[in-house]
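**Student:** In case it's useful when we look at the structure, here is the feature table from TrEMBL:
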- B:Asp10, B:Ser11, B:Tyr42, B:Gly43, B:Asn75, B:Thr76, B:Thr186, B:His187: substrate binding site (BINDING)
- B:Cys74: active site, proton donor/acceptor (ACT_SITE)
- B:Cys185: active site, proton donor/acceptor (ACT_SITE)
Number of protein chains: 2
Amino acid sequence: MQNHPIGLMDSGVGGLTVLREIQRLLPTEETVYLGDQGRLPYGPRSPQEVAQFTQQIEAFLERRHQIKLFVIACNTATAAALPALRQRVKIPVVGVIVPGARSAVQATRRHRIGVIATQGTVKSDQYRHQIQALAPGDTVVSLATPDFVKLVEHNDLTSPQAFAAVARGLAPFKHQDIDTLVMGCTHFPLLRAAIQAALGPDVTLVDPGTATAEMVTALLDYAGQANDTGVLHPATVTYTTGDPAQFDTLAQAWLTAPVLPAQPVSLATLEQATLEESSSWKKS
Amino acid sequence: MQNHPIGLMDSGVGGLTVLREIQRLLPTEETVYLGDQGRLPYGPRSPQEVAQFTQQIEAFLERRHQIKLFVIACNTATAAALPALRQRVKIPVVGVIVPGARSAVQATRRHRIGVIATQGTVKSDQYRHQIQALAPGDTVVSLATPDFVKLVEHNDLTSPQAFAAVARGLAPFKHQDIDTLVMGCTHFPLLRAAIQAALGPDVTLVDPGTATAEMVTALLDYAGQANDTGVLHPATVTYTTGDPAQFDTLAQAWLTAPVLPAQPVSLATLEQATLEESSSWKKS
């Protein structure tokens, strides 16, 4: 199944930042992306509900596209759904939190790390847990900044209003002396300029999407499951449970590799998606 | 078994360049290294013989140290032994060639890649095979430079004589118009200055050890098998089948993290090393 696509999901368009990293590191891989904009935002929902949505989307992508690997390109869904989904399916499931935690531990110099995320991710405390598993002495200061998601979904990334809103949102970090900030929601790397301006040039910004794409690369390479067709930049297939026109505008604006117009998927279709038999990789 | 050590092997001291990358990216991991200097060089030996040596060393390290992952930090042994060893043992076995090929494909701009290696690695044609599996249009020019191994084993890295010998060895690349060179023997990154001087600043040098350490990181993080004791820079345990004093001199000179004095291992001990039962990771 090495030439099957990689599947990605997010509550909306934020996961496109992870897709972009995968397209950059793995230019011959086929990809298929589902943005669950019809049920956005995930942040305030219960972990049980988010886990259920994530399972539905994985099942939809595996049945329709026989994906070889599934990326939960959403921090909230990673926190809520990853361990249970790994038990449930046979293909590898990669989340964004562990790669992001590893990057933060490697980046910090004074061992004071900030994390910005949705309420759901902050409440799960997964970043603190994973960072301190790797580096027990590191201090982690977490902050929910759900308003940033709305800025990104409206593609308002660089206006003076966006810069001001980001600066207001990050004000609680003023006296925390962090040297590293994890952008713990896949929407946030699109606000990188505003975040860096608010925190100053001495704070290292960590995009977990980069390390996530590196983990996907390593898993595929280790198992001999990287695409070997040699075709560069196959167009990404996209679905949304929201408005395809809005999705396409953002995907065209943010991605450099080709992406097909989003196909609408109804919530009823997702709710009925179940997986009879998940495929597994052969030991290579 | 997540706090067990990572095992590494090489025909000699070259694999210390891979150990160095692992110590840098994974500062809390315990490591144990065996240099098979008593049977060096591996390059001119038959693949069957090299595969047998590699199996012996893996069995020795797994029995004595219950290693959780084995790194073949030697290109010749990776080419000869990797697939068979993966079938034989249950712990993950990581080689250096696939990560090196991936790095080269990501680095090249004009799609002309040079590879320097031992005779055994060049004869296996594994770098060409792996690079062209990822990028069929890339041209690969391979060259055996076995004399470079001797320079490194004698710690002659920066003398005028070493620079001249490296320049002579690389002369066949003069009119090949390569833009990227894979240092396809783990000894060679120690000659980086001489190699870069010979090829000029426009050729990107790829050290497969870096991508190998990234693959080890990703596999441990994916499976939840990274060390969580939080102890920084545990001293590496080392063995050699050759002269411990010579091994220690080179290890002390090249590594920045602590390393214990090498313990001698007889070839008879290795030849008797067999593995009754290999351990496996639980699905996490």
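Cβ atoms here come from the backbone N, Cα and C positions, even for glycine.
TrEMBL annotations: computationally assigned, not manually curated.
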**Student:** What same-chain residues, at least 6 away in sequence, bring their CB to under 8 Å of the CB of B:Cys74 (active site, proton donor/acceptor)?
**Tutor:** B:Met9, B:Asp10, B:Ser11, B:Gly14, B:Gly15, B:Tyr42, B:Val96, B:Cys185, B:Thr186
**Student:** State, in Å as a whole number, the widest CA to CA span among the substrate-binding residues B:Asp10, B:Ser11, B:Tyr42, B:Gly43, B:Asn75, B:Thr76, B:Thr186, B:His187 given in the record.
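**Tutor:** Those residues reach a largest Cα separation of 12 Å.
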**Student:** Take the mean position of the Cβ atoms of B:Asp10, B:Ser11, B:Tyr42, B:Gly43, B:Asn75, B:Thr76, B:Thr186, B:His187, the recorded substrate site. Which other residues of that chain put their Cβ within 8 Å of it?
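**Tutor:** The answer, listed by sequence position, is B:Gly12, B:Gly14, B:Gly15, B:Pro41, B:Cys74, B:Ala77, B:Thr118, B:Gly120, B:Thr121, B:Val149, B:Cys185.
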**Student:** Within its own chain, what residues at least 6 apart in sequence put their Cβ under 8 Å from the Cβ of B:Thr76 (substrate binding site), listed in sequence order?
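**Tutor:** The list for B:Thr76 (substrate binding site) reads B:Ser11, B:Tyr42, B:Gly43, B:Arg45, B:Val50, B:Ala117, B:Thr118, B:Gly120, B:Thr121, B:Cys185, given in order along the sequence.
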**Student:** Using DSSP reduced to three states, classify B:Asp10 (substrate binding site) as helix, strand or coil.
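**Tutor:** Note: B:Asp10 (substrate binding site) is in a strand by DSSP.
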**Student:** By a simple count, how many Cβ atoms lie within 10 Å of the Cβ of B:Asp10 (substrate binding site), its own Cβ left out?
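**Tutor:** Result for B:Asp10 (substrate binding site): 30 other Cβ atoms within 10 Å.
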**Student:** Including all protein chains displayed, how many Cβ atoms other than that of B:Tyr42 (substrate binding site) lie within 10 Å of its Cβ?
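**Tutor:** Taking all protein chains shown, B:Tyr42 (substrate binding site) has 28 Cβ neighbours within 10 Å.
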**Student:** Look up B:Tyr42 (substrate binding site) in the DSSP assignment and report helix, strand or coil.
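**Tutor:** For B:Tyr42 (substrate binding site) - judged by DSSP and reduced to three states - the answer is coil.
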